[in-house]
């Protein structure tokens with residue numbers, strides 16, 4: 001037995017232990033598409049919190065502060081909300097520059113309020129992280145960076161332009177400059193950390209949205225093809241009766257008319273065209289019946305063969321094999337012709353052919369309770385830094401060094417998603433040294449793939465493998 005086949009077969013009994021299901025998670029929105037109502041609501045919450053804090057500190061603690069100035073700064077946010085509520089529909093999605101301007105205003109407003117209440121001595125200085133984090137989550141990275149820089153610049157200006165920290169008596173408290181610079185440093189570290197973290201989260205969210213959309217497009221195309229087949233079946237059924245009537249009447253007229261009748265040629269033409277239409281409908285009906293549930297069943301190795309067929313003859317020796325496991329029957333299981341599995345296997349085989357030096361093996365294996373399809377090549381294999389990330393929805397192009405010689409991004413994610421939709425799981429690894437090459441395995445519980453057949457009341461068929 002050759003190396004590639006041995007690698008494929010040896011993984012059958014281990015597959016259950018190396019595969020781990022991964023959830024797709026959920027995504028809500030793409031970058032820069034936050035609703036105006038969200039900004040208005042958050043701003044009203046800020047207005048309420050700022051007002052309560054200022055009034056509480058003044059009325060309850062008796063701190064001496066510029067109450068009128070603080071309330072005027074807070075009122076500017078309230079007036080902006082009123083203006084936006086009357087000028088625009090709250091349900092509209094904000095444009096990137098609109099959201100940037102609003103968050104820039106919020107940053108300036110909050111910085112002005114902090115400067116009026118102690119500046120760098122104010123323990124609430126870290127609240128400047130709020131607009132920065134919102135910007136990182138809702139804006140493109142360049143615009144979010146502008147908000148972060150604006151917050152740091154305004155905080156730095158507080159070191160030279162701010163009112164004293166409010167206190168109980170008339171003597172203002174003066175904190176050491178070293179403490180104030182420590183506050184500024186803490187803010188800078190927080191801005192950088194929260195910005196980078198939020199940007200990474202929002203970018204992953206946007207990639208996931210686009211990747212799921214792409215997967216949905218693939219499935220929608222398959223569903224449209226199925227719907228087209230159903231429509232053709234209905235059309236052939238509905239047209240069959242009137243065509244049979246036309247054919248019958250034309251034959252009767254041909255028998256009744258004399259050969260020299262002037263209408264003989266017209267009636268003969270009608271009969272011929274009716275026969276032609278019946279032939280066309282019969283062809284469509286036969287093609288439709290070929291995709292009927294019973295006729296759509298195929299042995300496991302034939303399913304893999306169909307997925308591999310488009311990639312043969314591309315300069316790589318592509319071989320499809322069927323191997324029964326030690327706990328499996330010699331007969332290959334017969335399954336439904338699943339568009340999801342065909343598309344996913346095709347994507348994996350295409351990647352293998354692209355990276356292979358000379359050979360790709362697609363091996364279908366089975367036991368009494370598992371079905372395993374292993375696709376292996378003799379190429380460079382997966383790069384070590386990429387292995388933990390395989391299956392994530394990379395959308396942007398990656399360098400060959402990052403992806404072990406090519407792009408394994410969105411197509412790999414879609415294929416993995418389709419396999420998981422059919423109840424399977426995916427594992428990836430490199431061939432053990434000194435061999436080179438990548439191995440992708442798709443594992444299903446056998447009952448999951450045979451359930452759709454049993455649910456239709458069809459007896460499980462088996463076909464002998466050669």
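Cβ from N, Cα, C; glycine included.
Bear in mind that TrEMBL entries carry predicted annotations, made automatically and left uncurated.
Of the listed segments 68-88, 215-235, TrEMBL assigns transmembrane segment to 68-88. Per TrEMBL, the listed range annotated as transmembrane segment is 108-132 (candidates: 8-32, 108-132).
Mean pLDDT for the domain 'Histidine kinase' (234-448) in this predicted model: 78.
When Cβ-Cβ distances below 8 Å are used as the criterion, the transmembrane segment (42-61) is approached by residues 67, 70-71, 74, 77-78, 80-81, 106, 110, 113, 117, 124, 130, 134, 166, 168 of the same chain, each at least six residues removed from its ends.
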